[in-house]
Amino acid sequence: MLRRLASSTVARLIAAIFVLQVISGGAAIGLLRAKMLQVIDLDRTRQIVDLRNELLGAFYAGGYRELASAVAERRGSVSDPLLFVAVSGHGKPVLSHLAAVPQVAAGDRPVRIRAYHASGGPPAEALALAADLADGTHLVVGILTTPDRHFDLAFVEALALVIVLTAGLALGGAMLTGLVVSRRAHAIAETAEALAAGNFAARVESSGFGDGFDHLGRQINLMAERIDGLVSELQSVAGGLAHDLRSPVARLRAAIETAQAAVPEGAAQDALQLALSDAEVLEAMLAAALELARLESGAMADRRAPLEVRALVLDLAELYEPLAEQTGVELVASGVPATVLGDRELLSRALANLIDNALKYGGGRIMVRTVPAEEAVVIEVEDDGRGIPAADRERALERFTRLDNARTRPGAGLGLATVAAIARLHGGSFSLGSGDGGRVGDAGGGQAGGLVARLRLPLV
Amino acid sequence: MAGRVLVVEDDDRLAEYISRGLLEQNFTVDRAATGRDGLFLATDAQHDVVILDRMLPGMDGMAVLKAMRAAGVRTPVIILSALADTNDRIEGLTAGADDYLGKPFSFAELLARVQALLRRDKGGPAQAEAAVLRCGELELDRLTRQVRRGSRKIPMQPREFRLLEYLLLHAGQVVTRTMLLEAVWDYHFDPGTNVIDVHISRLRRKIDDGEPEALLRTVRGAGYMIAAG
């Protein structure tokens, strides 16, 4: 499920959405950070301007002495450990929270500097404002800005959280969208599959959203209506044709049988017997052609039910075994049990066709078996006769094809085409190969190993 | 054995052929050429068997059959149809037909089926439920699944047992290859050549070899019959 989702269109769509969400989330966080830093900077500026004004107040009240003592005793705002003050110009400078006097030129606006804090360590980032007073006193006030890093860390954390949350939501969304999309796509595909299998009553249900899926469903339903109409038409044409052709044949046969009852043994009786067997051949060909036409149009009720294939094979082998023995052919049935969704009557007919062929054209040994395959089971009928050359095998499956060695034998040339049609109705396939373990399309003739007919059916 | 048969068939020549054959077998035959006439005659319920063509002018065979059954007429019906694939057969049988025969057919096949239906209707059920089926000195015990002829015990494969059981249920009556294939093997297609003949030959060897009287006979051009005397 996940693997299929990953390779799907939905997954690509979701990946794009994910990237866009991360980008927009990141941008919002970046903007927020800039705004917050701006606010904080304003606040800091106000703090140091206030501190400077407070100290200037002390200076104007008591001159340098008052200023120096306010700083030394850390009165008022000076006590804030993040704020620092340096007063120089009169001998030894007076410092608060500083290890050295920072080099700052006097000005109205705070500047970014690096200051050595009293607690030691490397110089720290700070914002400072300097003023030169009337008696030559140089006053520097400032604030440490090191906590900026903490902000940045917090923002990185927030960004990571956004990515993780977005990824989770995107994956959840992908699963949900994927489920919804694939459920609807599969519903449509299943309808198409049912139609292909001959169930022309199958229709796609509308969700009522009027979206692309509904459009596709409507178009498939329209197509199904059309196919349904054509097939019913074909069915009535086939039925009419059957009636039109079979009734004269029935009358022909009736006439021959009536004549047979009236004619004594002799030349006339022999001729009538020949005519009767020809009428029977005509009947059989007509029946086979109509049957094939119906099979290929898929115009039949779906009577498939779970069916154990080995039992089917053993039943057919049991039916043909006495005949094989009488013809001097060894008929062996074997294989693994496997269950398919199948029409017993049609599959039996297909297998009977193959065994009958093997009895007619094969050698002294016929092997019928079920062989497990990938998500399928293969019914193999192998003989040790002359086989069919690789070049002729495809042609042998076409209707009315009779290969040279079959010309002298009765049959309509519809047998293998019928088997192939039955295989298709079951969602399977039919192929011919040579008996020496080769596959269809092998170079060289089938002379050595006889013929293997393979009827492949998907498992339930 | 003979009885009264209604033939509903629009094809004159085919109807004539069926009627003549049945008359030769001492049946009384009524004929109808349309579905409406057929239904009218059938609702009299005077017939032992109705042979009903599926495609008829006016009212088709399936409609006649459904109307008959709806009117409570229980007469056995054999449907004749040019549409003889499995779907049509099932459709016919579920609509209340007792048998289904595809066109073209041989008269022998039709006759065998008509007789089987007559037999089933007349005292058939008692025999159908009998535990032991007999024909001359041949005995088939359906409970112990044993077969013996006189004092000789005959071993049987399961399929041979069912074949013999079916033949004995229709003792004295012609049974065609198609009937055997449908009843014993449940296949509705022609497996070709003489698949069934060989099964019969095997069975015959088992029950008749070395016996003074052959019970299992071949009826030329029709099928087989098991009968004593």
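Any Cβ shown, glycine's included, is placed from N, Cα and C.
With DSSP states grouped into helix (H, G, I), strand (E, B) and coil, the domain 'Response regulatory' (B:4-118) comes out at 52 helix, 24 strand, 39 coil. Annotation comment: TrEMBL describes B:4-118 as domain 'Response regulatory'.
Per TrEMBL, 4-aspartylphosphate is recorded for B:Asp53. Close to B:Asp53 (4-aspartylphosphate) in the fold, though at least 6 residues off in sequence, lie B:Val8, B:Glu9, B:Asp10, B:Asp11, B:Gly61, B:Ile79, B:Leu80, B:Ser81, each with a CB less than 8 Å from its CB.
The domain 'OmpR/PhoB-type' annotation in TrEMBL covers B:130-228.
For B:130-228, the entry in TrEMBL reads DNA-binding region.
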Arithmetic mean of per-residue pLDDT over the domain 'Response regulatory' (B:4-118): 88
